[in-house]
Amino acid sequence: MLLVRNSTLGRLSSLRGFFRNINESNIFYRMVHHKVTIIGSGPAAHTAAIYLARAEIKPTLYEGFMANGIAAGGQLTTTTEIENFPGFPDGLTGSELMDRMKAQSIKFGTDVITETVSKVDLSSRPFKFWTEFNEDQEPETTDAIILSTGASAKRLHLPGEETYWQQGISACAVCDGAVPIFRNKPLAVIGGGDSACEEAQFLTKYGSKVYMLVRKDHLRASQIMQRRAEQNEKIEILYNHVTLEAKGDGKYLNALKVKNVKTNEEYDLPVNGLFYAIGHTPATNIVAGQVDLDEAGYVKTVPGSTLTNVPGVFAAGDVQDARYRQAITSAGSGCMAALDAEKYITELE
C-alpha cells in the first residue's frame, strides 16, 4: 500500500508506465487541509512564509514547476546581479537571493511543494485548489490563500533575444541599469508610454545616450513625461521604428536591427543595452472571475493592506503591484500579507 497526499497522486499515476506496481487499487490518498496556502515563489511568497512560520502557523507554499514559463524564484531568477537589495553590499545574483529566502522559509517550517496550482475554487469555505497533476482528483483545502504569483514582463522574442537576455537585454532598468556593461554605452528602450519615458530618463544616469524606439509617430505617455523625454539631451526618440533583431558578438549585445516603418529603411543601431518597457502580464488566470482585478489584470487590494474582495484571500508582490515591481517592495507586501492572514486565521479560531 502507498499512502500519498492527493496532490502527488496525479504525478504518481503519470509514472505508472515506469513503476508497474502503481495502480489505483494500491494508492490510497488522503485529503489535505492547510491553514494558509501561499501560491508563488518570489520575494513576496517566501517573506510571507517566513513570517507565518515564525508565528507558528505552518504555511504551505506551492512554488510551481515552471509556472508561467519561469523557474521557481520568479523573475529574479532571470536577473544576473542584484546590487540594490539591502544587506548585500557586494551584490548577489537573483537566484542566490531566492535560494537564501527559500532556505530561510524552510528553516522555520514552511512546507514547500514544487507543483503548480492550476485551479482554485473560492466560492465556499474552506477554499479548494488543485495542482496541474491532480485536477481530476479531490481538491486540497485551505482556510486562507496568499496570491503571490507575480507578473511577467512583455517581450518581443526577437531573433537573438534569448542569446542576449541578461547579457544586454533586460525588462527592468531600475534593476539592471547600473550594471557595468551599460555604463557610458549607448542604450535603447522599446516603448512609448510613461514607463518607457521613466526608464529612458533613469538610464541617462548610466548610458552615454538613450534611444527610445517608438512604433507609432507619437508617444502615449502623459504630456509631462513626453516633455521630459523630449527635452533631455541624452534621449533621442526614434518614431515609427520597430526592432527586428538583437545582434552581438555571441556574448554581449552590441546592436539592434531596426526598421523605419515609414520609409522602410532597415539598419543596425549600435547599442549595448536594450530595455523593454511595453508592460507586464500579471499571473491572475487562476483567480479571474473570482477576485476583483483592475483593467490591466492586477489583483485589486484594499489600500494599505493586502486584502482582496474575498475574505481570506490576500495578494502580495507584483501580482497586485503595477507600479513599483521591485524585490524589496514585493518582500514588504509579503510581510503585510502574512500579518493580514495571521489576523484572519486568529479570528476564525
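Each Cβ is built from the backbone N, Cα and C atoms, and glycine gets one as well.
If you look up Swiss-Prot, you'll see Ser41, Gly42, Pro43, Ala44, Ile70, Ala71, Gln75, Asn84, Val117, Cys175, Asp318, Arg325, Gln326, Ala327 marked as FAD binding site. Annotation source Swiss-Prot lists disulfide bond at Cys172-Cys175. Residues annotated as transit peptide in Swiss-Prot, with sequence analysis given as evidence: 1-30.
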Three-class DSSP secondary structure - Pro43 (FAD binding site): helix
Ser41, Pro43, Gln75, Val117, Gln326 filtered to the binding-site residues whose C-alpha is within 10 Å of Cys175 (disulfide bond): Gln326
For Cys172 (disulfide bond), the three-state class that DSSP assigns: coil
Sparsest-packed of the listed binding-site residues (Ser41, Gln75, Gln326) - C-beta count within 10 angstroms: Gln326
Alpha-carbon spacing, Ser41 (FAD binding site) to Cys172 (disulfide bond), which is rounded to whole Å: 19
Pro43 (FAD binding site) CB neighbourhood, other CB atoms within 10 A: 31
Cα distance (Å, whole number) from Cys172 (disulfide bond) to Gln75 (FAD binding site): 10
Tertiary neighbours of Asp318 (FAD binding site) (same chain, Cβ under 8 Å, six or more apart): Gly42, Ala44, Gln75, Gly150, Ala151, His280, Pro282, Arg325, Ser330
Rounded to the nearest Å - Cα separation of Val117 (FAD binding site) and Cys172 (disulfide bond): 27
Integer Å distance between the CA atoms belonging to Pro43 (FAD binding site) and Cys172 (disulfide bond): 16
Sparsest-packed of the listed recorded positions (Val117, Cys172, Cys175) - C-beta count within 10 angstroms: Cys172
Reduced DSSP assignment, Asp318 (FAD binding site): helix
